[in-house]
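Participant: Residues annotated as domain 'Reverse transcriptase' in Swiss-Prot, with sequence analysis given as evidence: 57-248. As annotated by Swiss-Prot, motif 'LPQG' applies to 164-167. Annotated domain 'RNase H type-1' per Swiss-Prot: 463-593, in sequence order. If you look up Swiss-Prot, you'll see ASP472, GLU500, ASP520 marked as Mg(2+) 1 binding site. Summarising the annotation, Swiss-Prot assigns Zn(2+) binding site to HIS599, HIS603, CYS627, CYS630. Summarising the annotation, Swiss-Prot assigns domain 'Integrase catalytic' to 645-806 and lists sequence analysis as the type of evidence.
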Amino acid sequence: NKSKKRRNRVSFLGAATVEPPKPIPLTWKTEKPVWVNQWPLPKQKLEALHLLANEQLEKGHIEPSFSPWNSPVFVIQKKSGKWRMLTDLRAVNAVNAVIQPMGPLQPGLPSLAMIPKDWPLIIIDLKDCFFTIPLAEQDCEKFAFTIPAINNKEPATRFQWKVLPQGMLNSPTICQTFVGRALQPVREKFSDCYIIHYIDDILCAAEMKDKLIDCYTFLQAEVANAGLAIASDKIQTSTPFHYLEMQIENRKIKPPKIEIRKDTLKTLNDFQKLLGDINWIRPTLGIPTYAMSNLFSILRGDSDLNSKRMLTPEATKEIKLVEEKIQSAQINRIDPLAPLQLLIFATAHSPTGIIIQNTDLVEWSFLPHSTVKTFTLYLDQMATLIGQTRLRIIKLCGNDPDKIVVPLTKEQVRQAFINSGAWQIGLANFVGIIDNHYPKTKIFQFLKMTTWILPKITRREPLENALTVFTDGSSNGKAAYTGPKERVIKTQYQSAQRAELVAVITVLQDFDQPINIISDSAYVVQATRDVETALIKYSMDDQLNQLFNLLQQTVRKRNFPFYITHIRAHTNLPGPLTKANEQADLLVSSALIKAQELHALTHVNVAGLKNKFDVTWKQAKDIVQHCTQCQVLHLPTQEAGVNPRGLCPNALWQMDVTHVSSFGRLSYIHVTVDTYSHFIWATCQTGESTSHVKKHLLSCFAVMGVPEKIKTDNGPGYCSKAFQKFLSQWKISHTTGIPYNSQGQAIVERTNRTLKTQLVKQKEGGDSKECTTPQMQLNLALYTLNFLNIYRNQTTTSAEQHLTGKKNSPHEGKLIWWKDNKNKTWEIGKVITWGRGFACVSPGENQLPVWIPTRHLKFYNEPIGDAKKSTSAETETPQSSTVDSQDEQNGDVRRTDEVAIHQESRAADLGTTKEADAVSYKISREHKGDTNPREYAACGLDDCINGGKSPYACRSSCS
């Protein structure tokens, strides 16, 4: 025997001796001594330390020292009352500064299930293994320590270790090496025995008991030759055996019967240790990952080991499950002649693997609770678990499993090999059987399964005959989609990707039919493709967790399939896809966002949005149509009519009092509207007496200026002498309408309704929660109506018209035919001003202007030779289109406001008076600042050769 020859030598007396084992030297990164002062020790502990040191000195484990190195030493008392000496080697163990680590020789515990079943066992424990292994002579001084003297009354005593000190970084590795060398001859001679060695614990198994005894006898001799000793009181020869804290029976392996203390679980470190211990025995217990999710969740958050943690009720239930499994769980010792198989179960959260032999459970296999990737497909998890467990089986027995059983059909397995890189890696070089038939046993029935293994709703190819929807998101928090319909969603996120994720979720919720989704975010596309069957990695970002979970729930709840793909944004490529994506991008542009925000605050109308922001008519209409308040309050409009109007700002006002009950004491709303510009001013009052009217008018003067004329109803506050005196002081003329007939006040009556509607919109559907008082609410409504809204046939706001006198009608100054209802004839005139449903016409030089409905107007578009015939409806038919059709020809398709100020009742057309006409004519001439008669020449030409002196001469000459 070569090994025996190496160990045995012949002395000069002729007797055989045993050569002592050769020490293993340590590698040091520095030769600079490390000295850590010894701290003072109590008298009792100091006495115990002296006794222990003398004992170790007698055994030859330590020796006196004068080393420049020093490590503190201390003692602890065991439950038995005996003392134990320990050395604080933390400074010496500093990996990056002092000592070179050797690395572990046994990185994991051996599986006891690999011990052949029914084989007899012997288990031994080496006594004081570290103290029987010598240190290299040059390393001894590095492990010196000092025993101090009380009050320094005598010199301290110093020693250094000659054997492996407990607590040294490389002591376990050196111990494993020494014991392994001692056992090598045993393994070589008894190769058919099964021997497990871990640190200083040794297990021997043999098929026959006689063989086991022979192996044990030889092992005793080899251990003694190596200078090691067996603890005689720890030899086990009968069941149940206890090894590596597990209980071994003839065919079963059971975990230790322990109870988990919950009262000590207070910090992250406590829970980390607990879960580390549970994970150590999970391959035996068989607790799936999903059954410990709440315990794993406690580890999230602050990484400080002392940070506080609390045991939740759900986690308490999971600890109880662990305790129950500890009491009942068991695995089986194997038959060395039978192959192993791997079963993959599609459990919730992540798949579970089981190593079996026939129907006997050998070991459980699980994936970590947390993954590296944000989304991990379930199929990829299965592939990872297969690869992981295959390596485990090869490590246990040296062979691949004979069969792998998966919850997939043959076609699904074939597709997995084609499409999944993870599947190809997990099953690389596997030559066994892939099956989907599970053994019939009750062992696995408690597992909670999932059906989300492969996608059911998500498609990898575009759907035919399906709607196509484009999505987009912006960093301003807006998400949108466009397709059969458009929608813009305001989100709380300041990330374009998260906003786009909201857009995709909204599309999946809004379209209950097959759809193709096109997004310009590759991140969102990939997430949506994978989320159906994916395990979502937990993130410290709660918002992101909520979004991903909502996306997964939305996809899984769908009844119809969808396909999603990526398109590059902001390219110059031609085609409908690029244009549609640009349209989706416009929906979340800053201009559109600002328009949405303004409408949410003020409920401005479509034309106002179009005028103020760079948005299309369709986008402006969509904003108003998607507003729930504006939809409810979109009232039908009446046919337009005519009330006398001013021809310039502050020429003619109408004034009235309306009521808003929600304003309480201030429910009397005094309203004034300028009939030229439609500028509105209103104040909240506690009544409608003359004093309240005067107070309101003074407020109007401060904002609008002083009018020339005011028209009111016949209320007491307007007919009093005090009010007449007030108007006289301000040089304002006053007229009233027909008693009990509101048609003469149609403009202000409609204004009342407009104002009330706007108040309701802003109160129930606006973002203006800071407007709490009645006057604040009223001011916001007035701001919207005056400075934001634009009405049909207008190009500017009421405020701009009032302040600048700018005209709105594109027809002003045009030559027209107008119908004289008294004479039933058509006359030629010139438009002074034009509104929706009304117009003011100048019949000719030195004639008062006439207010008429637009249905009595015709455009003059060709000359007529006979002047007398031209004025008769019987002799000449006007050759022109109607006003309404002309509006369309001029492209005036702007959407009217729901409650536009100028939509008065047509029944008020007859309210025109000669006095009003005269005033209007005067105002018009003064406002124009033009005394040249040519301004009102019948032909309408500024360079009329007749100077506009005679309409008939003008017609005959200019024609």
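Every residue gets a Cβ built from N, Cα and C, even glycine.
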Participant: Out of these binding-site residues, ASP472, GLU500, ASP520, which one has the fewest other C-beta atoms within 10 Å of its own C-beta?
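Facilitator: If we count Cβ atoms within 10 Å for the binding-site residues ASP472, GLU500, ASP520, the smallest count is at ASP520.
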Participant: May I ask you to report the DSSP-based helix, strand or coil state of HIS603 (Zn(2+) binding site)?
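Facilitator: It is coil.
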Participant: How big is the gap, in Å, between the Cα of GLU500 (Mg(2+) 1 binding site) and that of CYS627 (Zn(2+) binding site), rounded to a whole number?
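Facilitator: So the alpha carbons of GLU500 (Mg(2+) 1 binding site) and CYS627 (Zn(2+) binding site) sit roughly 22 Å from each other.
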Participant: By a simple count of other Cβ atoms within 10 Å, which of HIS599, HIS603, the binding-site residues in the record, is least packed?
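Facilitator: Result for the binding-site residues HIS599, HIS603: minimum number of other Cβ atoms within 10 Å at HIS599.
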Participant: Sort ASP520 (Mg(2+) 1 binding site) into helix, strand or coil using the DSSP assignment.
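Facilitator: DSSP assigns ASP520 (Mg(2+) 1 binding site) to coil.
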Participant: Could you give the Cα-Cα distance between ASP472 (Mg(2+) 1 binding site) and HIS603 (Zn(2+) binding site), in whole Å?
Facilitator: 25
Participant: Between ASP520 (Mg(2+) 1 binding site) and HIS599 (Zn(2+) binding site), what C-alpha distance do you get in Å?
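Facilitator: ASP520 (Mg(2+) 1 binding site) and HIS599 (Zn(2+) binding site) have their Cα atoms 28 Å apart.
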Participant: Between 0 and 100, where does the mean pLDDT of the motif 'LPQG' (164-167) sit?
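Facilitator: Looking only at the motif 'LPQG' (164-167), pLDDT averages out to 92.
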Participant: Around the Cβ of CYS630 (Zn(2+) binding site), how many other Cβ atoms lie within 10 Å? Please give the count over every shown protein chain.
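Facilitator: If we count other Cβ atoms within 10 Å of CYS630 (Zn(2+) binding site), we arrive at 20.
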Participant: With DSSP as the reference, give the number of residues of the domain 'RNase H type-1' (463-593) in helix, strand and coil.
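Facilitator: Summed by class, the stretch gives 59 helix, 29 strand, 43 coil.
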Participant: Need the DSSP three-state call for CYS630 (Zn(2+) binding site) to compare against my parser.
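Facilitator: Where CYS630 (Zn(2+) binding site) sits, the three-state DSSP reduction gives helix.
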Participant: Tally of helix, strand and coil residues over the motif 'LPQG' (164-167) according to DSSP?
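Facilitator: Helix (H, G, I), strand (E, B), coil: 0 helix, 0 strand, 4 coil.
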Participant: When a 10 Å sphere is centred on the Cβ of CYS627 (Zn(2+) binding site), how many other Cβ atoms does it contain?
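Facilitator: The Cβ of CYS627 (Zn(2+) binding site) has 19 Cβ neighbours within 10 Å.
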